[in-house]
Each structure stands twice: as C-alpha cells, then as structure tokens.
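Notes to accompany the following structure.
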Amino acid sequence: MPPHKKFHTPDMDSSVPTIAPMLVIKTRSKNKNVRPGVAAGVAPGKRRSAQEMKSAREQEARKRIEEEEHQKNLIQEVADIEDDMHKEDEGRKRAARADTLMAASTTNTPRAASQQSDEVNGNQVTADNSFNKAGHDTDIAGALRRSQRSREVTPEECDENVLDEDNEAADDMKDKEYIESEDEDDDEQVDNNVERGKKKQSRTKLGRADITAVRETIPALGTPAIGNKRKVSLSDTPSEKTKKLKPTVPSGLLHVKHWNATPKATPSKSTTFSQTAVSNESNVQYGGMLNDGMDDELERPVNKFKQMAVGTAFPPMIKIERLNTTPTITKKAQRGGAEKWTLKHLPSGTEAAFSALVVSLARKKVGSREGDPWETLATEDIQYIVDTVFGVGEHEVEDDDVWCGLVSYRLNNWRHVFGSTAAKVVEQYIKGNPDHFPDEDTIQDTVLYMLEAPEGEKTKPFHWKVWDQDEDGGVRKKGRFQSSLILCTLALAHYQEIDEYPGVADDKPSAALILAIQAVEHALGGWKTGTLSKLEPFSGAKYGDSFERGAPSSSKGKSKAKFNNRATQYLPTIKNFDDRKWEDIFATVREFLDNQASKKKKKGKFAERKRAASSDGDIDDIEVPAEYVLESDED
C-alpha cells in the first residue's frame, strides 16, 4: 500500500492561517531502481556484443546480395520472354506485309503500275536480298532501322512515362526501411570502430525500366497490327451490292393504285402487305397531307389484314394418354362374393392341417413375441408357418389372401377367449368365496381396492400373488403377475387352446401374459357396483397401444400426439423375469391345467380389433411414457 499522506493542521490559537502543502505523486522508494518491464514480469533484453552485431550485419549484407541476384535473374527471365514474343510479332508482320505486296503485284491496278515505276527508279520492294523464296522479308536490320526511324513518341506516351517514373519513385520511398538505434547507457562505452545506429540502405524497387534495360530488342509502342488483313479484290469489275430491304409493317392509308384492288390470299406466312420499294434511301412513305385540288372528304380505305378464323384452336401443348389400367378387385370379389373367408376358400386338402396346426402355431407365435399382443401377424410370419406345416414353396401367402384372412379371424377368436375366460374365473372367484364376499358392498369395496393403485405405486393389488397392507399404510407384496386370477386365465385361454404344457426351455409367453393381465382387469371392472354388469367387448380398441391426439398449442400450431402404451407398459417388467420366476409361473399354470378335466371349445361371435386413428391435422410430436419395472419385496 502507498504510504499514508500527512496533512498539516493549522494551530487553532494562531491568528495567521496556514495552507496545507500540495499533494505530489512520487515513485515508491522500492521502485526507483526497478524498470517497469522487470516489475511486470518481463525479462530485460540481453545486449548484444560488438562481435555479434558485426556478424549480424555481415549476414544481413549477404542476404541482401542474394536477394538482388535473385531479382536480377527474374528481370532477365522476363526480358527474355518479351524478346521472344517481340521477335515472333515482327516475323508475323514481315510475313503479312510480304504476302500483301506479292498479291498486289499480280493485279492490274493503278497501285501495281506505280509500283512498277518505282522499280524502274530503283526503289524495288521485292528485291532478292530482302525477300526469301517464300516471299518473307529477311532484311531484319533494315526493318529494325526503318521501325526506329518511323517510331515517334506521342505526348500521351510521354505523360505515361512521367507518371510511371513518379509512381516508381513513390514506391521507392515507401520501401525504404529504417532501424532504430540501440539504447545505450551513459556509463557504457563501445569500440568506436563498430558502426551502430546506421540506417539501412534504401532498396530500389525494380520496375518496367529495369526490364527494358536488359532487353535485346526495342519494345514497340501501341497495339501490334497483326491479324487477317483485307486482301485486294482480284476481280477487275467491281460489283455493286444492293441493300436488302427490311420487312416493314404497313400502316396508315393505302396508295391510290391500291384503292380498288381486291386483297388476295397469299401463301406467305407473314401477314404484312407487300409494297414495292420506291427508293432505297429516300425515306419517303405514302400518307400525310392532301395535295392541292383534292377533296378533303375523300379518304383512303383502311388497310385490312386477314384475321384468324373464329374457333381456330392451337395444337395442345400437353398430351394426355389414357392407359388401360387393371380394374381394382375388391375384397368381396376376391372372396368370390362371400362376406368372409371360410375353410372352403383354402386349397383342397389343407383344411384339417390349417385348423390343427397352422392356427395353433400362429397363436403360439403371437403369444410369445415381445410386443403388442393386439398387433396382427405379418405376412412373412404366416408364410413361415405355412411352409413349416406344408413344406417350403407349396403354398404362397400374399397380403389379404385366404391364409392371412383366416389366421386373422382365429387370432381374434383367441384374444376373445382371454376375455371370456377371465370373466368366468373372476365370477367363480367371487361366488366361490362367500366368506370373503358376503354382500354387494363388500364385493364393491374389494373390487375397487383391487383395481386402484395406492398413492405412490404404479401397480395394483390384483397384479400380485400376495398383497398385505398394514394399518400404517405399509404394503408387503410378493409374486409379480402371479395372482391366481391371472395365471388361471393364462392356463385356460392360452395353453389349453394351443394344447401344450409350458416349459422353461420353450418360448416365454410374454404377450399372452399381458393379455391375461388385461383380461382380468376387464373382468373385475364388471363388478365395480357389487353386482355383475354387462361389459364392453374385450378388444384392442380399448386395451391395445394407440396414439391419442391432443389439442394444438395455438390456433395455427400443430397438435401433439401422445403414445398410450396400454399393452406394452408391462413389457419391461416381463423382460426382466429370469428362469426362476418363469418356472414359478409355469408350475402354477400346470396345476390349473391338471385340474381342468376336459377341454371345451368355445364358439361365438367376436369383435375384431379396431384402432381409432384419425387422419385430420398434422402431428408435430409424439409423447412416449416412461417405462417402469415392478419390483417385489423378495428381490
């Protein structure tokens, strides 16, 4: 910190006022002998010795000499190029001049006669010593002297030369560089023989004058007249060329000779009236003021032209071709007029195998896939099943054909079996336990409790094999998706239909388990009032995955679609099942199958799956719900 400043305080008893001294900014005592650069952390520059300075100057001089030699070489190269180009131009000039003179000598023109008189006087142009056999001028020295004598410098060229010299002088002044003399302390002395602080010699900028100085030829001024010159016409009688008339559109009044003329149709494409040219350059046309002695009321008839006939149509610019397309075959026509596909539409001899094997494999395929169980089976999967049963290449499966149609019917029946089986299982569960369900109020309270997820839970009590809730609200749950209602529905609706006993080595029935969970929830919903009420059909329109369209954020904004994973919300939890959990599920399923004495085939009319998909408006974004996994207290 800077030292504190002391102010003089006047004596209160003294009658003479005193003035405080002025504040003076001074350097701190510790900074008097320290340079600012050192204080800032920058190391001071090391002073070079006289020997180092001498070596540096010698190196700089050698570098400057090398640069000058390099510039001279460049100037010489440019001069050589210009000399070669100049010699080539001169040769072309002489060749063109010789050809012109020889062509003129062969004609009987006044110029040829004057040329002959000049030859008599001794001024022969085409002498043997100045032209070779080809007729080209070989007297280079004479041509050079003639060009030097005939060369004159115009005032404009003088001005340009003066401006070039001024510009070069200005550039030389700009290119001069100076070096600052080195700082010397007062106490240090250096040998007087060492030169210091001298300015660098000015470097002259090379320009056009240096190139011209080293050239072997003299540059010509102006643009060289090289090109195809006009040759002398060899014809003795000059021909007069007539000027071609420009097509004119007649306007105004007609000439007197055309007053009574009837217009004739001409095959010419132009609609202009043909007129006889009176004069090529008179610029006189008929019309204007009337002559003296003519009646003012007499007017010349108006020039009329043939117009396009009414109704004339231009040729079409776009050609429209109508193709004979194949008529679209409706599904009803494809079925031969039948409302639905039946076994009669299958190839002959495949009805029994289809009902016994193809349908069973299709249900097993859909029940074991990790996805939405309400989605239809792809054509490729149906083709694989048909090839497995009948052999590869025996029957071809196409979209919306009899194979796809019948498989879709049987899968819809299979899904409906889940709903009807769950309804019977729940009804038997409520009516078979009168101690737990003595009256309608108890049934209503129990069912609502089983279908309602407690606060903070994403699962419901009927999902678990064990669900205990104490007085404090704590829940102890065990056995995810292993309740007797769910596994009994899975056993009777799926494994009894495909006629198989489950095993750990088999494909895991993920989609079938999801259908069993949804079917039990659907069946419990019919007992919410304490008594069994009529339910809606168990279909994918209510329990399958779907997109729900939301309201747009603004009047012109796009609506936002939300993905409702009503079926696949259980899939992440089922994927985490290990073999031990699947073995527990399969053991319970086998018990239900063993207790089932006989297999019953259930028939009925079932509603096909319907998806509510609207095509109005645009979807800007899709909101996908987060996945969750149900955990058991045993885990």
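Every residue number used here counts from 1 along the chain in the order it is shown.
Here the Cβ of each residue, glycine as well, is placed from N, Cα and C on the backbone.
Caution: TrEMBL annotation is automatic and unverified by curators.
Of the listed segments 236-259, 260-283, 596-619, TrEMBL assigns region 'Disordered' to 596-619. According to DSSP, the compositional bias 'Basic and acidic residues' (49-72) comprises 23 helix, 0 strand, 1 coil.
As a summary of secondary structure, the compositional bias 'Basic and acidic residues' (84-97) carries 14 helix, 0 strand, 0 coil according to DSSP.
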